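Notes for the one structure printed next.
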């Protein structure tokens, strides 16, 4: 460890910034946010200084540095391109035993400024020790996505209840209690702006702990998106990493499953065509049972839980049994897969509406409003349609679409194994068989498919995909 991380209390302290550049303005802003009074020595100030908060605590005291400016100062920051000039300031500060930071010159620093994640009063600092500030900023950006902005409010809530917890809970149990609180629905309530509910839940947890009553569980119904872990929402990822149990379907990709809490129990419930590992009714009651055992239960579904995901049925059961739950939307396959295939679902010149339908066969037939679906100015997105693809295409032609209507089928959309086959309603069933496509797939029908050749941007297997893809005009032997 090259540096010892230390947080300085600069409130009402006096600091000097040498330099008037945009970077100097950013350094001055940090000092002002920490409550310091800031003096600036520079021949001119960047416009960024005009935008700083609490400017009444900032004063330009000189055009150039002189040692006398260090009188009464508690810290010095130097932003100076001229190495010799920076050396003079650093030496003068060190001679007075003042902490000094020189931007981009670690050798002249007695302290360094980390990248900061501010969730006051919670503060997180990330530093590369001056070796790679850009890398530290990138790491900070990643952490920003994982730490909700409401953490400050959560900390304030805990502070208000600290005395109550001290009175109600034995010293040896307090640490475990607060860990349970911060990993419970109390935190999620604060993050979603339900502060009064969070206080009520915290009150209940204090009473339960004092009386040694069992913990109260909750169900997180989370959409995992179309498969690519980069498409998870921040909220989904946060809940995935705090759940005690993960109940997941076949359509949840392994990379996404790997992002769940490592020590969480995992329960696979299948949900594959004609092979439901666990019947839906049993899944519903499993969620109730797990929550009533006090477990934070993650119900992880591919896509969005409310679009052909049977999420509504599951939370109906939870409501009937008085189980707390929350729903996190996911990017549905239609939106995610179409985007990665380079096919816009709507377009001013081609489609003014879009229909999501399920291609699931029931007794070898479809139960669809074909007249409402088979419209030339509409894009049709068909989930779970691979098995019935020939019948789907035939029915769409029968109900008004032409045989040469553009159509595409996408396998493993958004993943590195994505494959896209394009053709027409007349040719797509044969092309899908020749390509050997396997579920999961998504079918897109409509004139917007014409845009794929121009707009395709995601090519994880460019050479293989080019060989598999077929132009809209089918070869003679397939026409």
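Using N, Cα and C of the backbone, Cβ positions are placed for all residues, glycine too.
Together with 226, 302, 303, 304, 307, 332, 333, 384, the S-adenosyl-L-methionine site in Swiss-Prot holds one more listed residue from 193, 270, 400, 413, which is 413. Of all the recorded positions in the record (23, 43, 44, 128, 249), the one with the smallest CA separation from residue 303 (S-adenosyl-L-methionine binding site) is 249. Here the candidates are the recorded positions 23, 43, 44, 249, and by Cα distance the one nearest residue 226 (S-adenosyl-L-methionine binding site) turns out to be 249.
By neighbour count, meaning other C-beta atoms within 10 Å, the densest spot among the binding-site residues 44, 307, 333 is 333. Sequence-ordered, the extra residues of this chain that approach the S-adenosyl-L-methionine site, with Cβ no more than 8 Å from the Cβ center of 226, 302, 303, 304, 307, 332, 333, 384, 413, are 225, 251, 308, 309, 330, 331, 334, 336, 337, 383, 442. When the Cα atoms are compared, residue 307 (S-adenosyl-L-methionine binding site) and residue 44 (NAD(+) binding site) turn out to be 58 Å apart.
Spread of the NAD(+) binding residues is 15 Å (greatest Cα-Cα distance among 22, 23, 43, 44).
As a whole number, the greatest separation of Cα atoms within the S-adenosyl-L-methionine-binding residue list 226, 302, 303, 304, 307, 332, 333, 384, 413 is 17 Å. Residues 19, 20, 21, 24, 25, 42, 45, 46, 79 surround the recorded NAD(+) site, their Cβ atoms falling within 8 Å of the Cβ centroid of 22, 23, 43, 44, which are themselves excluded.
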